[in-house]
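**Q** Before we start, here is the structure in question, set down as structure tokens.
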Ligand code: SAH
Ligand code: SF4
Ligand code: F3S
């Protein structure tokens with residue numbers, strides 16, 4: 001590795017947590033002289049931030065690695081070195097297997113240890129042999145909060161929670177991301193303040209189950225008045241490194257804290273003037289009623305977006321039980337009805353799995369019936385994919401691929417129809433749109449509605465980063481068209 005080794009290309013697979021992590025990897029590497037490039041051909045470091053939620057997602061990584069090997073060899077001929085890093089959930093789930101299948105990979109690093117990347121890159125320079133680092137470390141990736149967080153974006157993700165303790169029988173996440181851990185309130189609040197200072201207007205709070213958020217309250221970090229103290233603390237910060245590991249150690253010893261719920265955290269972030277909109281994802285039905293204030297907040301807190309992504313996976317009680325989801329379809333309806341009562345215009349979204357082991361035509365009909373009753377604004381649906389090591393992969397009654405294909409098609413057609421209806425209903429409405437990027441055509445800009453829809457408007461690029469009132473004049477399957485008022 002030469003000293004000119006500085007351009008980093010990063011490709012992100014999987015969920016929003018990975019999108020957030022990719023941003024953080026670049027943040028962590030920047031002070032060490034690395035810069036981001038969109039061109040893989042000129043990259044000195046290539047990072048694949050991977051996902052293993054379904055078999056296809058994991059296999060994509062190996063086919064991409066095939067292409068990268070060709071590139072690496074070409075660069076070697078020109079005397080240029082290329083360091084290849086596999087990060088994310090494939091790394092965590094099958095680190096050694098990655099090296100076996102692709103021995104030209106230099107570094108394998110898990111989602112809880114990527115803050116070590118600068119050090120690992122240094123090590124590679126010295127040793128030249130590959131490194132696998134997959135620890136779940138106490139000294140964690142959230143300790144460092146760079147001043148550039150959110151720069152250049154009007155909308156930003158903010159990870160508030162890691163891992164998952166739910167162990168749904170189909171899912172690898174509890175194994176790849178580890179035990180559920182909520183970031184302390186003050187650490188999240190600081191990150192939100194930095195984002196606000198850098199022009200972010202909308203923050204989406206992220207986690208696998210943010211409805212189970214239980215954050216260490218700021219008063220164990222600072223003594224009295226919370227907001228005042230946090231502001232003061234931020235001003236006093238001499239460098240931008242905040243060590244929260246000691247607080248976490250403490251937290252393990254003492255379980256009597258008055259933890260903050262998601263709703264309390266949202267109320268607190270809503271106090272930041274520059275932040276105009278707050279969203280959260282993903283929620284799990286079984287935690288939804290523990291924080292009843294969250295539902296009321298959708299009625300009382302103007303900054304909270306009228307959007308709820310609440311995955312149900314299946315409409316059949318038999319399948320829900322077999323999936324270990326720990327709730328019934330009736331309970332899911334109850335939760336949705338409550339949200340609709342306090343926020344009638346709320347946009348609803350979900351995830352679905354079709355072809356889970358043992359799913360009969362009747363079970364699938366229950367899913368279709370649930371979708372018809374709820375009427376979603378959008379949703380994600382997948383064919384069940386057996387993942388090694390998960391309990392569902394060992395059930396005998398696996399479903400034929402052809403049947404999975406048919407069911408997926410039927411479900412997706414219905415969901416597409418519902419999305420179109422939801423979008424059409426918005427024609428004539430006025431709403432606040434946060435503008436994010438240029439449109440495909442010249443003279444167009446694309447923004448986001450409070451209901452998570454893309455909104456295309458005629459306008460100058462100067463309005464990117466602004467929030468404006470827009471009248472919706474047309475709707476398509478995946479976007480709205482509006483006029484700036
Ligand atoms: N924590 C979130 C989901 C994270 S994974 C939740 O509980 O809702 C995102 C989605 O991927 C899941 O909701 C599920 O629909 C899908 N998924 C997870 N494992 C899968 C598997 N083995 N096969 C197919 N889809 C899967
Ligand atoms: Fe996976 Fe279930 Fe956890 Fe979601 S709640 S991440 S589906 S185990
Ligand atoms: Fe994939 Fe890991 Fe997210 S498996 S969905 S990248 S938590």
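Glycine residues also receive a Cβ, built from the backbone N, Cα and C atoms like all the rest.
No curator has checked TrEMBL annotations; they are predicted automatically.
Annotations for this protein, taken from TrEMBL, read as follows:
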{"type": "BINDING", "residues": "15, 51, 89", "note": "[4Fe-4S] cluster 1 binding site"}
{"type": "BINDING", "residues": "164, 168, 171", "note": "[4Fe-4S] cluster 2 binding site"}
{"type": "DOMAIN", "residues": "6-126", "note": "domain 'MTTase N-terminal'"}
{"type": "DOMAIN", "residues": "150-421", "note": "domain 'Radical SAM core'"}
{"type": "DOMAIN", "residues": "424-485", "note": "domain 'TRAM'"}
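Give me the lay of the land around each of these features.
**A** Cβ neighbour count for residue 15 ([4Fe-4S] cluster 1 binding site): 19 (other Cβ atoms within 10 Å of its Cβ, all protein chains included). In the three-state DSSP classification, residue 15 ([4Fe-4S] cluster 1 binding site) falls within coil.
Around residue 164 ([4Fe-4S] cluster 2 binding site), a 10 Å sphere centred on its CB holds 24 further CB atoms from the protein chains shown.
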**Q** Under DSSP, is residue 89 ([4Fe-4S] cluster 1 binding site) part of a helix or a strand, or is it coil?
**A** helix
**Q** When the number of other CB atoms within 10 A of each residue's CB is tallied over all shown chains, which of the binding-site residues 51, 89, 168, 171 has the maximum?
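**A** That would be 89, with the highest Cβ count within 10 Å.
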**Q** With the [4Fe-4S] cluster 2 site defined by 164, 168, 171, which remaining residues of that chain have Cβ atoms positioned within 8 Å of the Cβ centroid?
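**A** For the [4Fe-4S] cluster 2 site the neighbour list reads 166, 167, 170, 172, 173, 174, 208.
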**Q** Cβ under 6 Å from an atom of ligand 3: which of these binding-site residues qualify? The list is 15, 164, 171.
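**A** The binding-site residues passing the 6 Å Cβ test are 15.
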**Q** Based on DSSP, tally up the residues of the domain 'TRAM' (424-485) by helix, strand and coil.
**A** 5 helix, 34 strand, 23 coil
**Q** Would you mind splitting the domain 'MTTase N-terminal' (6-126) into helix, strand and coil residue counts from DSSP?
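**A** Residue counts for the domain 'MTTase N-terminal' (6-126) by secondary structure: 70 helix, 22 strand, 29 coil.
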